[in-house]
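Worksheet: one structure, shown below.
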Amino acid sequence: MSIIEDIIGRRIFDSRGNPTIEVEVYLDDGSFGRAAAPAGASTGTYEAVAIPVPDALSKLENEVVEQLIAEDATDQESIDMLLHDIDGTDNFSNIGGNTSVAVSMAVAKAASCSVYSTDDYRVEPPERMLYRYLGNAYPRMPYPLGNVLGGGAHAPGATDIQEFLVSSIGADTIDDAVYGNTLVHKKVKKLLTDAGIVCGKGDEGGWAPQVKDSKAFEITSAAVREVSDEVGFSIRLGLDVAASELWDEKKKVYVYKDAKRTPAQQVDYIAGLVDKYDLFYVEDPLHENDFDGFAELTEKVGDRCIICGDDLFVTNVKRLQEGIEKFAANAILIKPNQIGTVTDTYNAITMAKRFGFKTVMSHRSGETTDNTIAHLAVAFGCELLKTGVVGGERIAKLNELIRIGEDIGNDRMTEDLP
Ligand SMILES: C=C(OP(=O)(O)O)C(=O)O
Ligand SMILES: [Mg+2]
């Protein structure tokens, strides 16, 4: 037993400079865990609700702490169930999904420290053992997936498609894979500069030029090709269309700067892009309620491309079940703060795996240097970890993967991807 003795919360700031909640959990044996809630910009309608930070802190202090004190931190399932009971809604709109996810992750980290605590400096620090504490006997290293260019809700005025993503899926080791992605990020900047295009960066560190999507495809696909040749392993291109942000519900069309597309045209457009640019991954190609459109696209290109639901599934087993029944998508994006606890995150991954879906652990556009998702990705066997390419709050997760790799073997990227 590792008994919770105290819990404190504080306001800190995320990578956009917005306030967020950080929680610390203290156990009776001196162990300690700290975690912070991230925040989305292109949030799905069906996500757990994040409440304002002052409210989150007061809910924590007045409704949560008292109930969790004296509980066993190593019983994660009971802790998370208790968070649901205290909240009393089905989307954490009372205590806040931001409050619950920070508490749930901090409890897991404290428990992991308690279980792995040691005075021996030759042993990994206990906080690095979180993936072991939560995981199985054969941890797997996810391929890093990150955006090198984008727009949408993360950089209004730049591309319509939210994220042009890359992943070094041919690399033998995690550090080479991370490095490959950074080289593409640099190459994209060079190709933009050579073309006379100046730009800043979006919320997640990808370049944010004010160009048409067709130009962005030209540049990112050239960058991926050139860097693959230079490093000698395959780096592939993917997208997060974040199509809910483009969808006009009244007119029933996807609105791009230079085009409007009906749902049928959108399916054909995305299928065409998959083949033209050899895309290995497309996230949210259709809006968050279009299970049938997802199914149509998956039928067309699912044999050669990962079709991943983010806003469609919101890490929620009920929505995932509907997707499985309708053959919508063949992968799920996993964002712990969309569902609010570590246990719910695990349950979504377990269901997805049971039905052959790929699982993609993910950051949010507003992040802190909290690196918990790196551990969750390894522990729960996700094939990909989507967490950007550059920027301190993104690199924090990638560097943690490299450290975990020293423990489990840096070359544990075993999954065949398309
Ligand atoms: C990470 C994403 O962005 P946000 O956090 O803004 O939802 C996403 O859409 O996948
Ligand atoms: Mg997304």
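Just so you know, glycine gets a Cβ as well, placed from its N, Cα and C.
TrEMBL labels come from automatic prediction, so no person has curated them.
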Seminar exercise, completed: For the (2R)-2-phosphoglycerate site that TrEMBL gives as Q162, R364, S365, K386, the extra residue out of K187, K189, K190, K335 is K335
Exercise. Taking the recorded positions H154, Q162, E204, S362, R364, which residues show a Cβ-atom distance to ligand 2 below 6 Å?
Worked result: none
Exercise. Looking only at Cβ atoms, how many others are within 10 Å of the one on E204 (active site, proton donor)?
Worked result: 30
For this session: Filter the recorded positions E204, D310, K335 down to those with CB closer than 6 A to an atom of ligand 1; keep them in sequence order.
Result: D310
Exercise. Roughly how many Å separate the Cα of K386 (substrate binding site) from that of K335 ((2R)-2-phosphoglycerate binding site), to the nearest whole number?
Worked result: 10
Exercise. Where the record says H154, E163, E283, D310, S362, H363, R364, S365, K386 bind substrate, what is the longest distance in Å from one Cα to another among those residues?
Worked result: 16
Exercise. Should any of the recorded positions Q162, E204, D240, D310, S365 have a Cα within 10 Å of the Cα of H154 (substrate binding site), which are they?
Worked result: Q162, E204, S365
Problem set entry | All-chain count of other Cβ atoms within 10 Å of E283 (substrate binding site) | 28
